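What follows is a set of notes on a single structure, which appears directly below.
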């Protein structure tokens, strides 16, 4: 299996190891990231050469801004050694994965919102939102649901638009 096939295999593992907010589910990088690092540390030196990051991100199928990549490399290789260890490798690569995850989550939430916006009016009723929340967590009491709705529907319109829905789902 070549580098590209291996990295593609691990990309899904990397994405699945993230929680809804786009951050790692634990304080340490996912094991799939360690495997990608090892794949590009061909001499088993504990370092990856900085000139490989364009290839690494391309292999992972990540879109990236070259200037942003150069800035991340410079930040993590201040002495211009031309190589970084695993921790710095993650500091360079992970933010690009997070950006991709955020975009994907936004699209998924947009699609979910469309499913409940049956009339295509750009909003869902608070009654529909209550049903969604009840399905997501059947332990919520009617009082809990009313509290959540009051917090989300700040203007008391009885409807929730996509921005309010997005804020509720992501906490942003």
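Including glycine, each Cβ sits where the backbone N, Cα and C put it.
Remember, TrEMBL labels are computer predictions, not curated facts.
What TrEMBL says about this one:
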| type | residues | note |
| --- | --- | --- |
| DOMAIN | 28-63 | domain 'EF-hand' |
| DOMAIN | 64-99 | domain 'EF-hand' |
| DOMAIN | 104-139 | domain 'EF-hand' |
| DOMAIN | 140-172 | domain 'EF-hand' |
What DSSP reports for the domain 'EF-hand' (140-172) is 20 helix, 3 strand, 10 coil
Rounded mean pLDDT within the domain 'EF-hand' (140-172) lands at 85
Grouping DSSP H, G, I as helix and E, B as strand, the residues of the domain 'EF-hand' (64-99) number 25 helix, 2 strand, 9 coil
